[in-house]
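All remarks here apply to the structure that follows.
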C-alpha cells in the first residue's frame with residue numbers, strides 16, 4: 001500500500017522533485033528493485049476474463065512471465081537490476097496484514113458471486129483484489145533470476161528499506177518500487193513504473209527525496225510524521241484527515257506529538273484518533289528499520305551469464321513457455337549484460353550542490369506556482385458557485 005496520496009502531496013508542493021522520463025534514460029545504472037511489489041504487479045496483470053496465465057498443468061505462470069520479460073526489458077535498455085525480497089514483516093504490520101487478508105477473503109467470495117451474476121468488469125475487479133504473493137511465487141522467481149544470471153538478496157524485513165540502504169551507500173543508483181514509503185526509509189532516489197509493461201506506456205517517475213524535502217520545507221523527521229498522518233502500512237489512518245489537512249497539521253504543529261495533543265484538546269472533536277494508534281512505534285520503524293549494512297557479505301551481488309539450457313528446462317519443459325522466445329530472450333540477456341558494463345559519463349563527475357541563490361530562486365518559483373494554483377482553484381470554485389446560483393434556462 002505505501003503512503004496514501006504522498007505522490008499527490010509531492011507533485012503539488014514540490015514539483016521539482018519529480019522527473020518523468022523514458023526507460024532508456026537509465027542506461028548503465030544499477031537499480032535495487034522491490035521484488036514482492038513487482039511480483040504482485042505481474043500477478044494482477046491478468047487477462048480481461050480475470051484469469052491468471054497458466055501452464056498446461058494448471059499452475060500460475062503470470063509471475064514468471066512478468067519477471068522474465070520485464071527484467072529482459074530493463075537489461076535491453078542497459079539497466080542492471082538487483083531484486084530485493086521481503087523478509088518477515090515487522091510486528092506492527094501484522095494488524096494491517098490481517099485486514100488485507102480479510103479483504104482478500106471478502107473479495108474471493110465477491111469474485112465467485114460476480115462470476116455467477118456480475119458483469120465482466122465486476123469479475124476482473126474482484127479477481128485483482130484476491131491476488132496475493134505466496135512463498136511459492138517468491139521461490140520460483142528466485143530460481144528464475146538465478147538461471148537468468150540476475151542477482152537477488154533477501155531483506156531481514158521490508159524490501160524497500162533494504163533497497164534504500166543500498167542506494168544511500170551508492171551500491172545502486174536508486175530504489176525501484178511502487179510503494180512511496182520507500183522515501184520514508186531515506187532512499188535518495190525512488191523510481192516508479194520501472195517494472196511496468198511497455199504496452200502501458202507509463203513514463204518512469206524519478207523522485208528525489210532531497211528536492212521533495214526542500215519543496216515541502218521539511219526535515220526528514222517532519223516528513224516521516226507527515227507520511228504517518230497521511231496513512232501508512234503500520235497504522236490505521238485518522239478518519240477525515242486527507243492530504244491537505246495532514247500537510248496543514250504538520251506545518252502548523254511541527255510534530256505528531258503536537259498534532260495528537262491538538263486533536264485531543266479540540267473542543268469541536270473534528271478528528272478522532274483510532275484507539276490503538278502507536279505512531280511512535282511506526283516512526284521508529286521508518287527511522288531505524290531492521291536492515292543489513294550495505295557492506296554485509298549478504299549484500300554482495302554480481303551479474304552473471306545466463307544458464308540458457310537451465311532456462312529452457314525450467315520455463316519451456318516445466319512451465320510450457322515458447323522455446324524460441326526463451327532462447328531469444330537468453331541470447332539478449334547475454335549480449336546486453338555485457339553492454340550494460342559501459343559506465344555512464346555522469347559517474348566520472350560529482351554533482352554540484354545548489355547555491356543558496358539557486359535554492360532561493362527555486363523556492364520563489366515554487367511559491368509563485370503554488371499561489372497561481374490556489375488562485376485558479378478559487379476562481380474555479382467561484383465560477384461553479386455562480387453557475388449553481390444561476391436560474392435554470394438563464395444564459
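Counting starts with 1 at the first residue shown.
Cβ coordinates come from backbone N, Cα and C, glycine included.
Going by Swiss-Prot, these are the annotated features:
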type	residues	note
BINDING	34, 86, 158, 160	Mg(2+) 1 binding site
BINDING	47, 70, 158, 231, 233	DNA binding site
BINDING	179, 181, 233	Mg(2+) 2 binding site
COMPBIAS	353-389	compositional bias 'Basic and acidic residues'
REGION	1-104	region 'N-domain'
REGION	96-121	region 'Disordered'
REGION	122-253	region 'I-domain'
REGION	341-349	region 'Interaction with PCNA'
REGION	348-395	region 'Disordered'
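Within 10 Å of residue 181 (Mg(2+) 2 binding site), as judged by C-alpha distances, the binding-site residues found are 160, 233; the full candidate list was 34, 70, 160, 233. Non-local neighbourhood of residue 160 (Mg(2+) 1 binding site): 34, 37, 175, 177, 179, 181, 182, 185, 187, each in the same chain, at least six residues away, with C-beta under 8 Å from its C-beta. When the binding-site residues 70, 231, 233 are compared by Cα distance to residue 86 (Mg(2+) 1 binding site), the shortest distance belongs to 233. Counting in whole angstrom, residue 231 (DNA binding site) lies 17 from residue 158 (Mg(2+) 1 binding site) by their C-alpha atoms. Taking the binding-site residues 158, 181 in turn, the residue surrounded by the fewest other Cβ atoms inside 10 Å of its Cβ turns out to be 181. In the three-state DSSP assignment, the secondary structure recorded for residue 34 (Mg(2+) 1 binding site) is strand.
Residue 160 (Mg(2+) 1 binding site) falls within a helix when secondary structure is assigned with DSSP. Secondary structure counts, DSSP: the region 'I-domain' (122-253) has 68 helix, 15 strand, 49 coil.
For the binding-site residues 34, 86, 179, the largest tally of other C-beta atoms within 10 A is found at 34.
Secondary structure from DSSP puts residue 70 (DNA binding site) in a helix.
A gap of 22 Å separates the Cα atoms of residue 70 (DNA binding site) and residue 158 (Mg(2+) 1 binding site). Apart from 34, 86, 158, 160, the residues listed for Mg(2+) 1, the same chain places the Cβ atoms of 36, 37, 84, 155, 157, 159, 161, 162, 163, 177, 179, 182 within 8 Å of the centroid of those Cβ atoms.
For the region 'I-domain' (122-253), the mean pLDDT of the prediction comes to 92.
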